[in-house]
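These notes are about the structure you will find just below.
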Amino acid sequence: MPMQNPALPQVELLYSLLVINSWYDVSLLLCQDTSPNSHPNSSVSKADFQTSLRGYLESIKESTSTVVTFGCDIRDIKRIFNVVTKLGLMLPEYHWVLGDTQDVEELRTEGLPAGLLAHGRMGAPSLDHYVQDGLELVARVVGSAAYRSPELALIPSITNCMDTQSSQNRNMTSGKYLSRFLSNTSFDGLSGFISSQEETVISSESHHFIWSLQHDPIGNPMWTRLGRWKGDWRHPSRLHLRVVTLVEHPFVFTREVDEDGLCPAGQLCLNPLTNNTALLQSLFLQMQGPNDSIPMEYKKCCYGYCIDLLEKLAEDMGFDFDLYIVGDGKYGGFKNGRWTGLVGDLLSGAAHLAVTSFSINSARSRVIDFTSPFFSTSLGILVRTRDTAAPIGAFMWPLHWSMWLGIFVSLHVTAVFLTIYEWNSPFGMTPRGRNRDKVFSFSSALNVCYAILFGRTAAIKPPKCWTGRFLMNLWAIFCLFCLSTYTANLAAVMVGEKTFEQLSGIHDPKVKTTQLFNTFSSAVKHNNTLDLTCLSVFYILCVCLCSLQTLQMGIKHFSGLFLMLCVGLGLSLLTTLAEHIIYRFVIPRVKDPKFKYWLHTSQVTNLTITMLTGFILCIYSRPLML
């Protein structure tokens, strides 16, 4: 089996280089003698060369930015760039490429511009390189074959007439078996890229490198290797696939073709209403042929999200496709011992690929392969987010406005009753009393109520009567519960206003109502998927009940406190009545003196001690007298 080193296809290399850099506007510069009597060293030929070169360069100065030279030796290249420098074509926006294969080791840097591109080899491979690559090729082939079938790769084949295997296996010899692996083995060797051509020739394609003239860190010009080119062996023929789809909005839409049977927008697809492989092949062959005889009712224009995705995949992966719509219009289910819909077309070979809104379940996954999900559909619940900036009245959030109004109305009502009870009490500091400098007025009652409400130790004038003190303590209990609730709810409200409810879905306990969603839940579990038809039938028909709950506490939450305060105001009437009874009937009896005159404190103490002593002696002397 001979080994060849094919010639370099310069056209393919230059084409690849220009396409990679997106240089599509290119001018060619050929260095050749037009007159057979001219000599490059003569003064006439040099003058003619510079004149013609200057005229050519001035003509392409405004039309192109990339120039490729052919047939120019190193002296011609230097003369070209001398003229180029004078014409101002050495700017960065102009690109120069040496089209001929160069030996980089022989290239010079004097007189050449920075950014010049060249291609060539780093010297021809030696015989040792070819020998080593040949041995490595044999080792790779035998190793792969022995791993697959050691008896065919390592043991000479012996034909057995009694062998019951098929004729194909009986005719398989070691040489034929190894040739199969030899034709499929390729690698990068010392001499180049080693591959097999037509099972009889081993090709060694030398690596050709791309070079660019750059400046090193100290400013000296040097050739820098940009990469290498291996030819077009990495680009096999494009695949041609037959793709099936199903109309499902908004993933796949269809519309009619124009009068010429073409699609101004979207992808041309067929709607043959069948899944017969032979019929589909014949229809697509007719559509691609010069005489398109397919009826217009079979042609559709497919567009949508999935069609755009398919076109992008074909562009990135490098394949062509024929698109058609599934015949029965179904996704696929196992009925009567066979698969229908998209799954049936894939299993029968009518389609190689299916692209649509295709839901995944366990039954389908056992017979076909799915890609990673590219689009997930589910129900979404929008939750309002609250503003993070607190307004100026944020301190009033814990309590509802009705509660604030109730507190201040109760405060003034309590102050009014304090004043009334104090003035109508026989023990109060009233304007009719003897001590007129200390009168409990309505302003004094307001001062007491506000001081208790805000918990401030201010200079207040408390009421003197029993009813006023009872009502003041009752007001203090009311304020204690209100302030405690306000303080506890303040932190919860401030945190709650900066967060939002986390809902897991329609089955979340925060929004789920058993009577409302039982039907939808059973429909979802029956099909093991969120089918859009079930959503439109069972979900949209449900009645949505708005339920709004706030953290603010209104007057209904404190109705017990207001009831307690009202009962206290009513009981105060009984306390006032008791004051008058005690003042009129009890106190006069207590104040009735047993002596006509008042004794001094020491006298009262001496009298008390004398009476106690006499009483004790009387008790102890009575038994002795008996």
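A Cβ is built for glycine as well, from the same backbone N, Cα and C atoms used for every other residue.
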Task = Write down the single range among 8-31, 560-583 that appears in TrEMBL as transmembrane segment.
result = 560-583
Request  = Please indicate, using numbers and ranges, the residues of the same chain that are 6 or more beyond the transmembrane segment (560-583) and have a C-beta under 8 Å from a C-beta there.
outcome  = 406, 410, 413-414, 417, 421, 424-427, 465-467, 470-471, 474-475, 477-478, 481-482
Query = Using DSSP, what's the helix, strand and coil tally for the domain 'Ionotropic glutamate receptor L-glutamate and glycine-binding' (295-348)?
reply = 24 helix, 16 strand, 14 coil
Ask   = What same-chain residues, at least 6 away in sequence, bring their CB to under 8 Å of the CB of Arg364 (L-glutamate binding site)?
value = Gly332, Val343, Phe370
Key: Long-range neighbours of the transmembrane segment (471-495), counting only residues six or more past its ends (CB under 8 A)   = 390, 394-395, 397-399, 407, 410-411, 414, 417-418, 421, 448-449, 452-453, 455, 462-463, 551-553, 557-558, 561, 564-565, 568-569, 572
Ask   = Short question: which residues 6 or more past the ends of the transmembrane segment (603-620) have a Cβ under 8 Å from it?
value = none
Key: Rounded to the nearest Å - Cα separation of Ser359 (L-glutamate binding site) and Leu503 (site 'Crucial to convey clamshell closure to channel opening')   = 24
Model confidence over the domain 'Ionotropic glutamate receptor L-glutamate and glycine-binding' (295-348), averaged pLDDT = 86
